[in-house]
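What TrEMBL says about this one:
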type: TRANSMEM; residues: 12-37; note: transmembrane segment
type: TRANSMEM; residues: 43-64; note: transmembrane segment
type: TRANSMEM; residues: 85-109; note: transmembrane segment
type: TRANSMEM; residues: 121-139; note: transmembrane segment
type: TRANSMEM; residues: 151-171; note: transmembrane segment
type: TRANSMEM; residues: 183-205; note: transmembrane segment
type: TRANSMEM; residues: 217-241; note: transmembrane segment
type: TRANSMEM; residues: 274-293; note: transmembrane segment
type: TRANSMEM; residues: 313-334; note: transmembrane segment
type: TRANSMEM; residues: 340-359; note: transmembrane segment
type: TRANSMEM; residues: 379-396; note: transmembrane segment
Amino acid sequence: MTNDKYRLLGGILLVAGTTIGAGMLALPIVTGFAGFIPSIVLFVIYWVFMTFTALLMLEVNLWMGEHTNLITMAKKTLGRGGQAISWMIYLFLLYTLTTAYVAGGGHIIVDFARQVTEWNLPSWIGPLPLLGIFGFFVYKGARSVDYVNRILMGGLVLTYVCMVFFLSSHIQPILLKHQRWDALWIAVPIVSTSFGFHIIIPTLTDYLKRDVKQIRNVILIGGAIPLLIYVSWELLTLGIIPLQGENGLLMGYEKGLDGATLMSQLLEHSELSLLARLFSLFAILTSFLGVSLSLRDFLSDGLKIQKSNKGRFVLYLLTFIPPLLLTLTDPRAFLNALEYAGAFGVVTLLGLIPILMVWRGRYHLKLPSTFKAPGGKIALILALLVSLGVIGMEIFNKV
């Protein structure tokens with residue numbers, strides 16, 4: 001296999017790994033009230049929407065020079081006002097996501113060590129190997145992250161296949177017939193955050209040497225993998241876990257449990273419990289790598305820090321020290337902020353802003369383009385309406 005094909009594969013896995021987080025385990029809990037068919041329809045709508053806005057992000061990124069991130073993109077297309085808004089939302093979203101993965105990964109590491117060795121490690125130790133080992137790959141850059149991400153994605157796929165093997169014989173088709181379309185709004189915040197990989201696009205553009213065909217294929221293929229996995233996961237979980245009763249979806253929603261935990265309790269499988277922990281760890285690590293690499297490159301662009309050895313060390317500290325401090329002091333306060341950011345932050349940053357940048361760049365600034373997302377003005381207007389609708393729904397839900 002040539003280097004270009006290795007990079008293509010690595011890019012696809014990086015997109016898929018960034019998209020598939022441990023939140024996937026919670027999807028059945030928030031979608032179960034609506035049922036299997038309504039949930040799949042919602043997934044497909046979000047997948048189409050987020051894939052389109054990812055192509056918009058690529059179009060804008062290709063207007064710029066090398067090593068540019070959202071800050072430069074927003075400034076050149078939307079002016080200083082757009083730059084300031086992008087700064088605030090992007091920084092908040094990336095730091096909350098990184099903090100979530102540091103806290104969640106640290107908890108799983110401590111829990112896993114306790115299960116394997118029976119050592120009761122203090123909770124503050126958990127994030128340290130995460131930042132020391134996997135943070136080092138982020139320090140090194142996209143190439144190193146690509147290589148280790150391939151291994152982690154292999155582990156994620158393997159554990160997922162094993163869970164499917166354990167669960168497929170327990171599916172009850174009658175449970176998949178439940179439909180309640182008016183309950184879909186409950187799932188909107190979680191589903192909104194389950195298809196976002198746009199933050200990695202500027203890094204991929206540089207890593208794939210601005211090869212438009214390769215980057216487009218990475219976005220289309222890498223973005224489709226999570227959709228297929230989510231659909232199969234919904235089929236398994238909603239076909240096994242009843243809506244009500246002990247270890248039902250309603251109980252899981254009230255107690256904050258995820259789908260894998262409910263199934264392991266319902267079916268009393270110790271092996272499934274171990275697989276769920278491993279899957280969660282792989283999912284968190286792949287997302288951690290993608291998000292923190294994006295945060296590092298974002299800070300490099302926004303603060304104009306060169307990626308020399310000294311510059312990369314400064315970027316490492318800026319990327320990981322704030323999430324570590326928040327995790328060690330009071331992780332719940334910041335993770336709750338992530339829930340409130342939810343669909344608003346993701347759809348604003350990864351939906352609304354790319355739409356506005358492309359509209360202004362194409363039709364007002366007349367920027368020359370090597371790639372143009374399909375659909376023209378009609379597609380942009382439809383995507384804008386979807387973005388405003390989701391943001392309005394999120395504001396209504398929080399008021």
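Each Cβ is built from the backbone N, Cα and C atoms, and glycine gets one as well.
Note that this is a predicted model, so its numbers are computed, not measured.
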Criterion met for the transmembrane segment (12-37) and the transmembrane segment (379-396) (at least three Cβ pairs under 8 Å): no
For the transmembrane segment (340-359): best-contacting stretch of 121-139, 183-205, 313-334, by Cβ pairs under 8 Å: 183-205
Stretch with greatest number of CB pairs under 8 Å, the transmembrane segment (151-171) reference, 43-64, 85-109, 121-139, 183-205, 217-241 candidates: 217-241
Any contact, the transmembrane segment (183-205) to the transmembrane segment (121-139), with at least 3 Cβ pairs under 8 A: no
The transmembrane segment (121-139) and the transmembrane segment (85-109) contact flag, 3+ Cβ pairs under 8 angstroms: yes
Contact set, same chain, for the transmembrane segment (313-334): CB under 8 Å, 6 or more residues outside the stretch: 95-96, 98-99, 102-103, 106, 124, 127, 131, 135, 138-139, 292, 295-296, 299-300, 303, 305, 307
